[in-house]
Structures are given as structure tokens and as C-alpha cells.
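Chemist: Provided herewith is a single structure, encoded as C-alpha cells, for subsequent inquiry.
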Amino acid sequence: MSPPTVPPTGVDGVSAYLMKKRHTHKKQRRKPTFLTHRNIVGCRIQHGWKEGNEPVEQWKGTVLEQVSVKPTLYIIKYDGKDSVYGLELHRDKRVLALEILPERVPSPRIDSRLADSLVGKAVGHVFEGEHGKKDEWKGMVLARAPIMDTWFYITYEKDPVLYMYTLLDDYKDGDLRIIPDSNYYFPAAEQEPGEVLDSLVGKQVEHAKDDGSKRTGIFIHQVVAKPSVYFIKFDDDIHIYVYGLVKTP
């Protein structure tokens, strides 16, 4: 898991509240196809990744979503990476030789009632660190992930980015517990009776970092189970950030 990061303290006129948790007969195999601009949601992909002067890495993963308010942006879960990435796969020059793989995404049966019962809940999630030491990270289960049926979107207080884990086994094994007060660090949005809150999805956002520089981004998703919570994609970062937003006077 990535180490905790220091999150922004505010987003464009609203206060931000944090949330955060691996010599025989051979069958002829279909070769990967080089990608054209087709619908790739649900596809398994692979490509090279070249960051600055670093060596090229090979990444392989599943395309989960195409962002409706920014269609060039895709949400991807890469194998071996816990956090979810947002990339403009056809435009980002760091993405090299993008290919579709002939693999299918497995669809195992799960306990849908139990899975749905976890969504929107504040949780304590136990991870095992070095030397077998266990550490509980408090966070919130945001949604069941698309495409990959046994996975969940989740975020943590210690690191307010979007993660994906298969949580049902952890819950059954006692490594995931539900915290009764789901508003303890994600306050509910203040709302007058009958008031309909405007969605921020598609709106641009700007915030000042600690060093005085500014970063810009876009609200890409509103969490159905917690409408005061949004996913934000900043232009200078491939991670998806998660914030609970409340109106300020």
C-alpha cells in the first residue's frame, strides 16, 4: 500500500474532509490487438509506462469506466496496484504501445446482499505490516466497483485517494469492521427541508498547495451512497482523490 500522503486542505470555496486501505502441445492463443478508439470499458489492457528518466514499466489492468464529463479520461485498476488510476489512455505520452488483451474479466458469484450492506459504511480495515504487526485504517466503503464484481471502491483517512479491495473475505475474517457512526469524519451535507443540492460533477476545481502553487482538476463523480462525497481528478496526478464537501458561509 502506498504511504500516507498529506491531502489538500480546501477545494475552491468548500471545506474538504478526508476519507482512505495485491515441450508440450500448445493451444493457439489470440494475440493482443493494438488499440483503436473503440469502447474499451470492461477490457483487459496492457501498455508501457515511461515516467521522466525512469525505465519503462509494463502495466496490465482492467478498464473500469470512461468518465462521462471528460470522455478522454478512463478509470483503471492495474494488477498489483491498490489505488485506482485515472489516465487519458489515448493522449498521455507516458502511455506506450497500448493494447487490448483477449482475456476475460472473471465474474464469480458473491453475496450481493452482504456486499450492498457495506456500501456507504465507515469502516476499520486491518492491514498486516512489517514483522506481522497489524494496523487498522479507518475509512469509508464508497461503492461496489464496476466490471470487477467482487471489488469495492474505498478510501481512508490516512490517504484520501481512491482504492480498490475485495472486502468480503476481510469482513468475514474480522479484518473489516463497520463503525456505527458513518458521519464521524464525513459530515453529512447541510440541507434545508426540500432543498435539492446541485451536483458539482463536471465543474472545474482549483486549490492552493502548501507551497503556494495551484493545481487544477475536475469533479468526475458523486458518490450515490454519500452525495456530499466526490471523486476529483487533478491534472497533475494520476490518482483519484476523494473529498467530502460541505457548504461554507
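Any Cβ shown, glycine's included, is placed from N, Cα and C.
So Swiss-Prot says this about it:
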REGION    41-90  region 'Tudor-like domain 1'
REGION    80-85  region 'Histone H3K4me3 and H3R8me2a binding'
REGION    119-168  region 'Tudor-like domain 2'
REGION    201-246  region 'Tudor-like domain 3'
SITE      Asp159  site 'Histone H3K4me3 and H3R8me2a binding'
SITE      Asp170  site 'Histone H3K4me3 and H3R8me2a binding'
Chemist: Using all protein chains in view, find how many other C-beta atoms are within 10 Å of the C-beta of Asp159 (site 'Histone H3K4me3 and H3R8me2a binding').
Modeler: 26
Chemist: DSSP on the region 'Tudor-like domain 2' (119-168): how many residues come out helix, how many strand, how many coil?
Modeler: 4 helix, 27 strand, 19 coil
Chemist: Please work out the helix, strand and coil residue numbers for the region 'Tudor-like domain 1' (41-90) from the DSSP assignment.
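Modeler: Breakdown, helix to coil: 0 helix, 25 strand, 25 coil.
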Chemist: Which chain-mates of Asp170 (site 'Histone H3K4me3 and H3R8me2a binding') that are at least 6 residues away have a CB under 8 A from its CB, listed by sequence?
Modeler: His125, Val126, Leu176
Chemist: Could you break down the residues of the region 'Tudor-like domain 3' (201-246) into DSSP helix, strand and coil, giving a count for each?
Modeler: 0 helix, 27 strand, 19 coil
